[in-house]
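Asks: I have a structure I would like to understand better, so I am pasting it below and will then ask my questions one at a time.
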Ligand SMILES: NC(=O)c1ccc[n+]([C@@H]2O[C@H](COP(=O)([O-])OP(=O)(O)OC[C@H]3O[C@@H](n4cnc5c(N)ncnc54)[C@H](O)[C@@H]3O)[C@@H](O)[C@H]2O)c1
C-alpha cells in the first residue's frame, strides 16, 4: 500500500504535518506493506531535507498512491480520483465554504475519512489538536495579562522553537495573586491544565474560589457545565440531560464574573445552551474579568466580547464593555482584553504534529492498514464509492447545492 503525504495548500499556509520524518520511518517498520512518499513543500515545520535524510522519498506526483494524508482542506483542483483521503474537511456542519470540496470528493469517487469524526467504539474522538490549542491558548492568555498590566513580556508562542522553550518562558513569570477560571474538561481544557500546573498555580474548589476574594497567591478553578449552567425548572443538574436538552438550562456563571481576573474558555458550547454572560453583564461595575483567552473562539457565541477571530500575527484585541465595540489591544485599562486565535495549534507546529502523528500511528493506522474490525475508518468515512455514507446522508441536500 502506498501512502502519500500532501503539501498543505491553504492560505495562510499551515506548517503542520500528519507524520514527522521519524514517524514515517516508524510506520514503514510497523506496517511492512506500507511505503510512504512525501510531496515537497517549502512551508512545513519539518523540511523536505529531513524527510529525505530519513530515507523517505520526495515526489511531486502522488497518482500512484492509495492513501493520501493531509492536515487541512485539500485544494479543489488537487484531488486525485478514486483515492482514500484523510484530512480535516470541515464539511460536517454544512460549512458553505467547503460545499464545492464535498461535491468534488463525490464526483471523483474519493473515500473521505475526516479526522474530526474518527471515534472509538464508545463514540469518543480519538485524534485532534485540542491539547495544543489548550497549551497555546493558556500561554497566550498569560501573555495578554503581562502586556495589559505591563508586568512581563512573554515571547510569542509561534516564535518559540518548541513547547519546551514556551514552557521555559513561563518559568520566568511572576504572577500576582490573581484568580483564574477555566471552563471545560475536554482535550483543550487538559492542555490548559498542563500550563496552570506547570506554573504551580494553586487549584481550588469553586466554593473556595468564590469565597476567597483576595487570595495570597494566584489560584485557579476548573468549571464544568454543572458549575455554569442550571436547570430552569429547578431540578438538579444532570450532564447528559444538559447535553440533550440545552434549552432547559440557564446560566449560573454570574458569581464567577465578579470573582475572576482571567477567564480561559475551553468548553465546547452548544449554540442552544445558555451563554456564559451577556454584553449587559459586562457593563456592570462588578464585572471583574479583565482578560479572556477564548479558546473556543465561537464568534458572538457564549462570550459576547469574541466578536471576531484574531490571528497568530495579531492575536489580541480589546473589547469596550460600555460601547460594545472592539478597540486596539491594551489601549484602555477599563477594556476587557481578548485573545481569540482560531488556529492555536499552528503556533507550535512541530510539537502539535508529533502528537498528532503518534495518535495516527497508535489509534488509526492499525485499522487503516489492517482490518477495520472496530469500524473506526468506516464510521469516519463521509463519502465512499461516489456517495455519502449512511451516517452522513444528512449532507445530501448540502451536497446537492440546496
Ligand atoms: N482556538 C483553537 O485553535 C481551537 C482548537 C481546537 C479546538 N478548539 C475549540 O475548543 C473547544 C473544546 O474542544 P475540545 O477538543 O476540548 O472538545 P472536547 O469534546 O474534548 O471537550 C469539550 C468539553 O466541553 C464541555 N461541554 C459543555 N457543553 C458541551 C456539549 N454540549 N457537548 C460536549 N461537550 C460540552 C465538556 O466539559 C467537555 O468535556 C471546541 O469548541 C473546539 O472547537 C479551538
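Here the Cβ of each residue, glycine as well, is placed from N, Cα and C on the backbone.
Copying in the features that TrEMBL gives for the protein in this structure:
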ACT_SITE  72  active site, proton acceptor
ACT_SITE  90  active site, proton donor
BINDING   247, 268  NAD(+) binding site
DOMAIN    4-136  domain 'Alanine dehydrogenase/pyridine nucleotide transhydrogenase N-terminal'
Asks: Under a three-state reading of DSSP, tell me whether residue 247 (NAD(+) binding site) is helix, strand or coil.
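Replies: Where residue 247 (NAD(+) binding site) sits, the three-state DSSP reduction gives helix.
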Asks: Near residue 72 (active site, proton acceptor), which residues of its own chain have a C-beta under 8 A away, given they sit six or more steps off in sequence?
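Replies: Looking at Cβ-Cβ distances below 8 Å from residue 72 (active site, proton acceptor), excluding near sequence neighbours, one finds 8, 10, 14, 87, 88.
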Asks: Counting every protein chain present, what is the number of Cβ atoms, excluding its own, within 10 Å of the Cβ of residue 247 (NAD(+) binding site)?
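Replies: A count of 10.
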Asks: Between residue 268 (NAD(+) binding site) and residue 90 (active site, proton donor), find the distance joining the two CA atoms and give it rounded to the nearest Å.
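Replies: Just about 16 Å between their Cα atoms.
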Asks: Tell me the Cβ neighbour count for residue 90 (active site, proton donor), meaning other Cβ atoms within 10 Å of its Cβ, over all protein chains shown.
Replies: 15
Asks: Which recorded positions from the set 72, 90, 247, 268 come near ligand 1, judged by a Cβ under 6 Å from any of its atoms?
Replies: 268
Asks: Counting across all protein chains present, how many other Cβ atoms fall within 10 Å of the Cβ of residue 268 (NAD(+) binding site)?
Replies: 16
Asks: Can you tell me the CA-to-CA distance separating residue 247 (NAD(+) binding site) and residue 90 (active site, proton donor), as a whole number of Å?
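Replies: So the alpha carbons of residue 247 (NAD(+) binding site) and residue 90 (active site, proton donor) sit roughly 26 Å from each other.
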